[in-house]
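Encoded as structure tokens, the structure appears first; notes follow it.
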Ligand SMILES: Cc1ncc(COP(=O)(O)O)c(C=O)c1O
């Protein structure tokens, strides 16, 4: 089989071990004679996968018992709408910290449901940096929304010390499970699975249970968090195969030593590639300012369009996949999610060094 290094931004690389296990179990899950996809979501075998996945996620992220873990569909994009539908009533205001295109989308969707206000935006700096947060009166906002990692621009909140609100919501689609996070700081955390958690199709929502008391009771059942909490994410047919793979990914993360080990590895992986950028005398130019660099999405440009094209074409020939930047910003992007191996990042670094030597003068 062709050797490739997968730097896709999402759907993204999955751990090889996970895919191998899924392959082994594909036709005969737990000696049942059928695949996991063919089991009833109300049957014992599937239910144990479903519940164990929740338990493992709670363990790995140290989620307190006061929170519920939900497995929903509709991607992070449905959360952009469900959050205000459930929690933003007339006369209330939602505050948004805008650090990239996905934060903008989250706010635009919320603005269709209720009143929103931008607390701060990095747009004027072309989202190169995580902006300093101005002080604000907490009681001005029903909730405050933040995006922890900006997949398109390649910036990330290093920590959440500067942000404080009793009802803080974070879109962690592109960095969940990549590092330790203070879950207690948040009312709700949500993430589409297709970067660090598993395949597309399932969205994880971590919700502080007491918030349900404030939720809108008049929504269609499928759009209400309460429905999904009451039914343990089994209100309707869940994406069983995606949740099964999520379960395997969580077991894999645990087997590697949990988030301490993952975080360290992610730091080392990203450092290889940032070093190639920093040692290139400006040939590669990082989009993010150094203090806002993402450990998950490394964005950079080359001196001109032609060189970018040549870089991407030569990279592809050498087996590097998914290095083109997002269509809205161009340039290059290497996504170094959990399942991207260290050797892929080293290989990319070597390729970048070599390309610079060939074309940099
Ligand atoms: C930070 C962030 N939020 C939201 C989304 C949208 O996710 P979905 O496609 O699951 O709706 C993405 C997708 O890349 C993302 O990176």
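For all residues, glycine too, the Cβ spot is worked out from N, Cα and C.
Binding of pyridoxal 5'-phosphate is attributed by TrEMBL to 76, 77, 102, 171, 194, 236, 237, and within the candidate set 55, 151, 155 the record adds 151 to that site. Taking the Cα atom of each, residue 171 (pyridoxal 5'-phosphate binding site) and residue 42 (L-glutamate binding site) are about 30 angstrom apart.
The maximum pairwise C-alpha distance among 76, 77, 102, 151, 171, 194, 236, 237, the residues recorded as binding pyridoxal 5'-phosphate, is 30 Å. The number of other CB atoms found within 10 A of the CB of residue 102 (pyridoxal 5'-phosphate binding site), across every protein chain shown, is 21. Separating the Cα atoms of residue 42 (L-glutamate binding site) and residue 76 (pyridoxal 5'-phosphate binding site) is a whole-number distance of 25 Å.
Counting neighbouring Cβ atoms within 10 Å of each of the recorded positions (42, 195), the lowest count belongs to 42. Under 8 Å, Cβ to Cβ, and six or more positions away along its own chain, residue 194 (pyridoxal 5'-phosphate binding site) finds 10, 11, 12, 200, 201. DSSP gives residue 171 (pyridoxal 5'-phosphate binding site) a strand state.
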